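The following features are taken from TrEMBL:
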- A:96, A:97, A:128, A:129, A:130, A:131, A:168, A:197, A:200, A:222, A:252, A:278: pyridoxal 5'-phosphate binding site (BINDING)
- A:223: N6-(pyridoxal phosphate)lysine (MOD_RES)
């Protein structure tokens with residue numbers, strides 16, 4: 001394998017034209033779409049239209065005339081196509097953190113009725129911290145114990161006394177991909193409900209919530225959905241629970257008739273009761289462009305074709321690391337079936353500085369502190385090329401061979417590291 | 001008083017140049033800035049810069065290089081100047097509804113420690129519904145009773161057993177303005193904490209949270225702060241409580257060191273612990289333009305000058321209604337000291353249709369269902385002119401005199417009424 005082989009793979013790639021749907025900086029190899037997705041070409045124009053026309057000229061009437069009021073459901077329906085949910089089952093709202101609070105509270109309320117003797121919530125210590133902070137808060141307030149496992153293999157032994165099993169489908173550090181269908185089936189067989197965080201899987205791997213018979217799910221708008229920095233997030237609830245779930249952040253937009261302005265809360269039908277405050281119109285409009293861009297892949301083989309390319313990219317990355325970078329350990333699963341859309345590496349020392357040195361060379365991955373510290377490289381098959389992987393590894397080899405990473409300027413941490 | 005007199009008032013108005021800071025539709029008289037503020041001229045360019053440059057070109061690095069990570073505090077510090085708060089005491093986050101949940105939960109936690117025998121939360125039945133929905137949810141979960149009064153005069157009799165008094169400073173329906181300082185003093189004297197909703201006062205009337213010695217406050221970004229549809233909201237906590245308050249929506253951005261990625265939550269110092277998920281960068285950036293536009297009034301007499309003009313506008317409106325529209329009742333206080341920046345009217349029948357007929361004539365107010373139904377007209381002294389008031393009343397007279405409002409097309413309600 002040499003660089004020309006990588007170029008040839010790109011030339012033969014039927015998904016290659018999709019890269020033109022993004023505005024990417026020219027000299028950057030961007031391998032951080034799992035943290036913040038790139039800017040779709042359509043977004044700037046659409047956001048400008050929302051700001052200058054819909055807001056500036058339409059003003060308050062745009063809630064009706066520009067259909068702002070149904071944006072959470074309209075974009076939710078588009079996201080549904082990416083995560084194996086039905087139409088009318090998904091809404092866009094708030095942030096991942098707040099949505100975790102809502103769905104976990106819903107699941108706990110159902111568990112409290114159906115199996116009040118179950119007093120633990122189970123998650124992984126390696127789950128994304130915000131999920132754990134939120135779960136910890138809710139468990140404390142509701143008298144549950146949050147039990148964190150260090151390995152997925154410990155989960156089964158806890159299920160008989162578990163109220164809710166809360167997992168992130170793809171681990172943010174390692175890219176480990178749970179088998180949602182089998183884990184959910186096992187949880188149900190043993191009487192536990194499931195809450196799935198799709199932050200690193202929605203848009204990155206094919207998700208099939210209905211097929212897996214999951215209970216509740218949430219996910220992020222600004223990673224593989226390319227919704228922009230701090231984009232609103234989404235929620236899904238299984239049709240099985242939709243008639244009975246409640247949630248504590250019961251703001252007016254989740255009311256059955258918000259503009260009746262009645263002092264008593266009456267929840268909206270279905271998933272819309274997860275709405276709380278006034279929808280973030282500009283943010284949801286930007287997210288819609290990101291989701292549309294992903295859906296454009298449907299004409300090129302869809303999520304399955306994206307998944308195959310993603311696996312080919314991370315496999316190539318792993319092969320090149322194996323042959324050219326003996327000082328690095330691959331922290332992501334080598335089994336395709338268990339690997340999300342990223343490759344994570346660790347090394348003896350200097351992970352942070354190595355990431356900084358790569359950034360100076362135009363290769364943008366990121367650093368995640370922990371044991372071990374991680375160099376994280378996300379691939380987004382919509383715009384990542386095979387040659388990007390080849391070049392990124394080549395730069396990493398240079399950073400190491402030249403001891404570039406030891407330069408003092410790479411050791412000063414920014415606010416966001 | 002005739003139309004020329006109104007034009008003369010505008011010509012003599014030192015605040016008149018501020019109207020040029022907004023992009024307003026040419027033929028509209030916009031009297032709904034209390035629902036959705038108008039578009040500042042600076043916003044479209046700034047939003048485009050955030051999208052195309054900071055996100056599109058800077059990508060993930062903009063969290064550091066464009067200081068996205070401190071946006072909630074930076075814009076919070078600007079809002080602080082409008083609401084009588086100190087620097088470092090305000091953050092921008094999430095929505096009004098979610099922020100009510102956070103501050104009321106904080107206040108209840110403090111009350112539970114300091115005066116556990118107090119078991120009621122007091123608010124007004126006429127408070128904005130979302131505040132009541134959220135309060136009701138929290139009270140149910142924490143074993144408190146939510147007591148709603150029909151008149152402010154009933155509050156005092158309840159204070160001896162009140163844990164938290166939660167009021168909106170300016171009533172959304174009538175524009176009634178509470179005396180925050182004296183109500184807070186009374187509450188404190190009787191042992192209750194106060195939560196103030198500033199949605200209809202921040203940017204509309206001078207607010208002095210520190211002067212009033214309030215406990216907690218939240219407010220809206222998309223009304224008088226002109227932040228755009230669904231703009232993020234803000235929160236403030238008194239320095240008196242800042243070392244001990246907690247909040248249940250404890251997401252990673254409220255952590256003392258989010259990027260340590262530790263599984264245990266450790267709250268950030270001060271008001272920043274009210275942050276939850278990833279900040280809505282585009283939305284907060286738009287809000288910053290709105291706040292900057294309001295702060296531009298500082299060179300023209302500031303909030304006090306805006307307040308005087310606002311009162312003059314609503315007084316003119318009330319005078320004209322009194323002399324020209326005998327079929328209408330003014331539902332807003334005629335006492336300047338008790339009136340916010342709006343004038344609300346009621347009439348025998350057809351309030352909704354009358355509002356629609358006015359909109360067709362280019363006069364945009366809004367309708368709020370209730371007893372009685374309300375025609376609501378907000379004034380924003382940054383861009384509302386005296387002649388706008390004269391013309392709006394003139395149109396309302398025509399709508400009534402011609403029976404225009406009886407036309408069938410005005411009786412069909414939109415999704416947002």
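Cβ coordinates come from backbone N, Cα and C, glycine included.
Caution: TrEMBL annotation is automatic and unverified by curators.
All features noted in TrEMBL, drawn onto the structure.
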residue	record	Cβ neighbours (10 Å)
A:96	pyridoxal 5'-phosphate binding site	30
A:128	pyridoxal 5'-phosphate binding site	23
A:130	pyridoxal 5'-phosphate binding site	28
A:168	pyridoxal 5'-phosphate binding site	26
A:200	pyridoxal 5'-phosphate binding site	28
A:223	N6-(pyridoxal phosphate)lysine	28
A:252	pyridoxal 5'-phosphate binding site	26
| note | CB-CB under 8 A to chain B: among recorded positions A:168, A:200, A:223, passing residues in order are none
| query | DSSP on the residue listed as 'N6-(pyridoxal phosphate)lysine', three-state: which is it? | reply | coil
| request: Between the Cα atoms of residue A:96 (pyridoxal 5'-phosphate binding site) and residue A:223 (N6-(pyridoxal phosphate)lysine), find the distance and write it as a whole number of Å. | output: 11
| query | Is residue A:168 (pyridoxal 5'-phosphate binding site) helix, strand or coil when read with DSSP? | reply | strand
| the residue listed as 'N6-(pyridoxal phosphate)lysine' and residue A:168 (pyridoxal 5'-phosphate binding site), Cα-Cα, nearest whole angstrom | 14
| remark: Longest inter-residue Cα distance for the pyridoxal 5'-phosphate binders A:96, A:97, A:128, A:129, A:130, A:131, A:168, A:197, A:200, A:222, A:252, A:278, rounded to the nearest angstrom, is 30
| said: Distance check, please: Cα of residue A:200 (pyridoxal 5'-phosphate binding site) against Cα of residue A:223 (N6-(pyridoxal phosphate)lysine), rounded to an integer number of angstrom. | reply: 7
| task | In three-state terms from DSSP, label residue A:96 (pyridoxal 5'-phosphate binding site) for me. | result | helix
